[in-house]
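Swiss-Prot annotations:
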COMPBIAS  1-19  compositional bias 'Low complexity'
COMPBIAS  27-39  compositional bias 'Low complexity'
COMPBIAS  119-134  compositional bias 'Basic residues'
COMPBIAS  142-159  compositional bias 'Basic residues'
COMPBIAS  167-185  compositional bias 'Basic residues'
COMPBIAS  194-220  compositional bias 'Basic residues'
DOMAIN    37-110  domain 'H15'
MOD_RES   Ser2  N-acetylserine
REGION    1-40  region 'Disordered'
REGION    85-220  region 'Disordered'
Amino acid sequence: MSETAPAAAPAVAAPAAKAAAKKPKKAAGGAKARKPAGPSVTELITKAVSASKERKGLSLAALKKALAAGGYDVEKNNSRIKLGLKSLVSKGTLVQTKGTGASGSFRLSKKPGEVKEKAPRKRTPAAKPKKPAAKKPASAAKKPKKAAAAKKSPKKAKKPAAAATKKAAKSPKKATKAAKPKKAATAKSPAKAKAVKPKAAKPKAAKPKAAKAKKAAAKK
């Protein structure tokens, strides 16, 4: 009994190893099935719309016919076709001329290059920090103006100095005017001297009185 038990254990381990070896093969097969074969739906739609020569656009029914003619399974991938049309319209590669949503007619946009250029332009909010840098030179440019105003202020200071010199120049005129009354005073002094002379002439008038006294003495 002890000899037969170890022989049964390896027999059970062998089928388990075979099952583990088969599982990776199934996983590899699943990975191969998931890989997309051929171009995407959006590429097929753009090719079909660009190939059409209709001015009003390619209808959904005509688009499905073109895709089926190219070997695409339209019945299985009907939902993918509609999603692809909506995404192309939202991106701007296709323009919907009729209908709404995925139904209607579609054509290529006239200027697809401009639409692609506009999308990256919207992604430039990083240029906003440059505005404060542009304001700094403006403030720096304002400072020299203030300095220029400070330089102009000495001119204003010079004007009061010039006014002071003018006032100083005018002051001698006032001094000369004040000196003129002194000349008048000196001119008046001879008049006073002239007035003194008649006072000295009064003793001459006393002589007649002495003559009268002599006449009175002679009469006696």
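Placement of Cβ uses the backbone N, Cα and C atoms for every residue, glycine included.
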Report task. Take the domain 'H15' (37-110) and count its residues per DSSP category (helix H/G/I, strand E/B, coil), listing them in that order. Result -> 35 helix, 11 strand, 28 coil
Query - Arithmetic mean of per-residue pLDDT over the domain 'H15' (37-110) - result: 82
